[in-house]
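Notes follow the structure.
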C-alpha cells in the first residue's frame, strides 16, 4: 500500500504542477533545472564538455563562485552542439570554452540573440595530427604529411583494415580528418574512438608499449606532459582553403586553424546574473594555468573541486582580478 | 518483402491416388511435407524460386540496391531546423510541450525539495520504515545500509537527484502503463492493437530514444523523464493487461451473478485478483526506469548517471564505480521491496490495523528528520565519506598492466582483441555484407519461421527490408556481425555457467549476488576498463556486451534446466545415462523453450550494449547515433536510431520462440 500512497502523492504533484501552469504560455526557455535554487540559494549552471581542459575551467569557476561569491554551482556534461542549444534555452548559464561553431554562433548570437559572447578564455587552441615523440625521434621524416604513406604499414590496427590508422576521438569534436585523408591521398583510415576517454586510454596503452600511433589531438592538453607528442605538418592553413571548406567541408585539404577559445553566456543571464555573470566574463587565464589544473584532475585523479582548490590557493594574483 | 504472400506450393500428388502410383520422389516429398519445419522451408523455397530471379534481375545480387532506398536526410534536416527556429515561439511548443516540460520540472522539483527537507536522516529512516512495513526486517536493514553507503561514498546529493527523477518517472510510467494495460485488458481489440507496439518498444535499445526527445525538449530533466517513461511504461502495460485477462472466469461469473455492475466487477474482483501482476509490473517498471535514468545522463539528466558519465571522460574508473554502486544499491532496495509487496498475500491478512504501523512509521521519520536538523546537516556530513576511487584505480591499473600483454600462453588481452577482430568479426562482417540482399531476407525469413510463426517471420523480414530502404544496409550488417559474435560468446559462457548452477544450489547461491550486481551496474561503467584491456574498436564493445548480457542468460538457462521434470532425469539415470548424456539428451531438449528465451534475451541485451559501444570505437550504427546526439544531427542520428530499432525488432522476432513465452517474464 505504501507504493500506492507514494505513487498517488507523486501523481498529485504532477497534476497540481500541471494545473498551476496550465493557463497561458509556458516558455521552455524560462524553465530552469528542477535542482536549481532548491535550498533557497542562488544557483549558476555551467556546462562541462567532455574534455579535461574544459573541466578545469569549470572546476575553478565553480570553486570561486561558491567560495568567494556565495553561489551554488551545478555542472552538467553535454556535448558541444547540444550545449549551445541548452545555453540558448537557459538550461545552462555559460559555456566556458568553445572551439568555434560558426553555424550556431550565427543562429543564436546574431539572429535569435539568446546567447551573448562572454569574451576570450585566454587560451589558444590548436587541432592537428600528432605522433609520439619516441616514434618521431626514430623516424624524423614522419613529421611531414608527404611521408605518411611510407609509415602506413607500421600504423596498422585491427580496426583499420589493412590501411594505417588515424585515431580520432569523440564524434562531437571539430574534425575534417576524413576529408583530409581523401584529399591528400593518404593510405589511412580514420578510426573513431567514440569518446575522448577511449582515445586517451588507447594512447596511454600504446605509449606504455612504445608502439607507434598517429592521432588527431589538440593543444592545450594535459596528456602531452605524460605522453610527449610531436605534430605532423599538414599543408598550411590558408584563408582560401578555409573558405572552400566552409562552403563544402569535404573539400578541405589544409591544416586546422589556430583559434582563441571563447566563452559564451546565456543572454538573460548576462543581464540578470549579477556578480556571477560579471565574474564569468572576467574569467581569463593562461594555457599553463589550465594545464596545471587539468593534470591534477586527469592524471593525479584529484576531484575537480580539490584540484581547483589547490590551484586557487597557489595563484591568488591570477583570480583576484576576476572578482572585480 | 513479399516473400510470404506467394501461394502455398502445390502438392505433388493428390491424396486419393497415392496408393495406385507411388512415385519415389513423390513419396519423399510427402514424407517431408509431414514435418512442419520442412513444410515451411518448402513453401519458402517455392516462393524464393519465383521471386529471387525477378529481384536479382531487377536489382542485382550485391548489397541493398540503391534504387530501393529513400533518402530522408533532407526532410529530417528541414524538420530539425524548423523545430529549433520555432521552439521558442510556436504555439505547439508554448501551449503543449512547454506545459508538459514545465509540469515535469515542477514535479521533480517538488519531490527533490521534500527529499532535501527530510535530510539524510529522514530519508534513510523513511526508506527503512517503508521497506519494513512492506517487506520485513531484512529488507529494512538492507535499505538502511544502502542509503548509508550512498552517503559514505560521497554521493548523497546525486543519489537524491536520481531518486527524485525516478519517483516522478516511475509514477508517470505506472500511471500511463496501467491505463494502457487497463484498456488492453478489457478490450480484445485494443489488446491486439497494442501488443505489437509494446513488443517493439521493449526490443528497442534505450539509446535510440534519446535524440527525438532532445530535439523537442532540449537537454535537461524533462526530456530525461520522458525518455524514461517511454522506456519503462511497456512492462507495466503488458503485465496489467495480462493480470486482467487471466482473471478466473468462475470468480467473474460469481460476481456477476450477484448483480455487480461492470465498474464494481473491475474494482472488486478483477483488479484485486490481478494484484500480483500489477505489483510485478511496478517492479519491472522501476528496474527499467533506473537503467534508463543512467543512460539519460547523456542528455543532461544530472544525478548519479551524470557522475558516471563525467568520471568516464577523465578515464576515472574508480569515480565511475563510486557513482555506479549507489545505482546498484538503489536497484536492489527497490527490487526487494516491490518484489516482497508482490509476493505477500492480500493486504488484509498482513495486519489487522495497518494504519497504526504507518502512523508509527511517519512519526519515527519525522523525529529522525528533526534529529538530523538538530545535528545541523541536511545533506550527508562531508567528513563521513570514504574515498574508494584511488584504490579501485590502482587495482584496475595493476590488472591492466598484467593482463594487457603478459599472459602466458595466449599472449594478452590485446592479442585476444586483435584475434577476435581479425579472425571472427572481420570475416563475419564481410560475409554478411557480401550476402546478396535477397539472400539475407530469405535467411531471416527461414530462421524466423522455423522458430516462430509466419507473423513473426513477416515482421522480421519487413524490419530488415526497412533498414535497406533507409540506406543503412552496410552499417547494419556491421552491427549485426558484432551482435552475432558477441551473442555466440555470451551463450557459450552462459550455458557453461548455467549447467553447474542448475545442478548445485550452492553454486547458484554464490552466483546470485554477483549476477545481480553485474546486471544492474550501468553499462557505461564497463566501457573504460574494457578499453584499457582490449584497446579501442569492436572488441571492447563486444566484451562489455558479453559482461552485461551474461547474467540474464545464466539466470534464465539455469532456471530452465532446473525445472526439467525430475522424473525424466530419474529415468534417464536409471537407464545408465552418464552426466553428459543426461545433459545433452534430456535436460537440454526438455528446457528448450527456456533456452530459446535465454537466446532471445541475450540478443536484445547484447544489441543494446553494442550500440553504446559506439562510444569506444565500435563504429557502425552505434557511432552514427552517438554522432547524431553529439552534433545535434537529426538526419544521421534518427535514421540510425530507426535502423537500430528495425535491427532489434528483426533479431527479437527471429529468436522469439512461441507467442506467449515472453508474457510470463
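Every residue, even glycine, has its Cβ placed from backbone N, Cα and C.
Lifted from TrEMBL, the feature list:
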- B:1-20: region 'Disordered' (REGION)
- B:90-108: transmembrane segment (TRANSMEM)
- B:115-133: transmembrane segment (TRANSMEM)
- B:139-157: transmembrane segment (TRANSMEM)
- B:159-338: domain 'ABC transmembrane type-1' (DOMAIN)
- B:206-233: transmembrane segment (TRANSMEM)
- B:278-299: transmembrane segment (TRANSMEM)
- B:311-334: transmembrane segment (TRANSMEM)
- B:355-375: transmembrane segment (TRANSMEM)
- B:438-471: transmembrane segment (TRANSMEM)
- B:476-655: domain 'ABC transmembrane type-1' (DOMAIN)
- B:483-504: transmembrane segment (TRANSMEM)
- B:524-554: transmembrane segment (TRANSMEM)
- B:602-622: transmembrane segment (TRANSMEM)
- B:634-651: transmembrane segment (TRANSMEM)
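The transmembrane segment (B:115-133) makes no contact with the transmembrane segment (B:634-651): fewer than 3 of their CB pairs lie within 8 A, with pairs spaced 6 or more apart in sequence. Long-range contacts of the transmembrane segment (B:90-108) within the same chain, counting only residues at least 6 positions beyond its ends with a Cβ under 8 Å from a Cβ of the stretch, are 164-165, 168, 172, 216-217, 220-223, 225-226.
Taking Cβ pairs closer than 8 Å, the transmembrane segment (B:602-622) reaches residues 202-203, 205-208, 295, 472, 475-476, 478-479, 482-483, 486-487, 490-491, 494, 523-524, 526-527, 530-531, 536-538, 540-542, 544-546, 548-549, 552-553, 640, 643-644, 647-648, 651-652, 655 in its own chain, all 6 or more past its ends. Using a Cβ-Cβ cut-off under 8 Å and counting only residues 6 or more beyond its ends in the same chain, the transmembrane segment (B:524-554) has close neighbours at 294-295, 305, 308-309, 312, 315-317, 320-321, 324, 396, 399-400, 403-404, 413-414, 416-418, 420-421, 425, 482-483, 485-487, 489-491, 493-495, 497-498, 501, 511, 515-516, 518, 598, 601-602, 605-606, 608-610, 612-619, 622.
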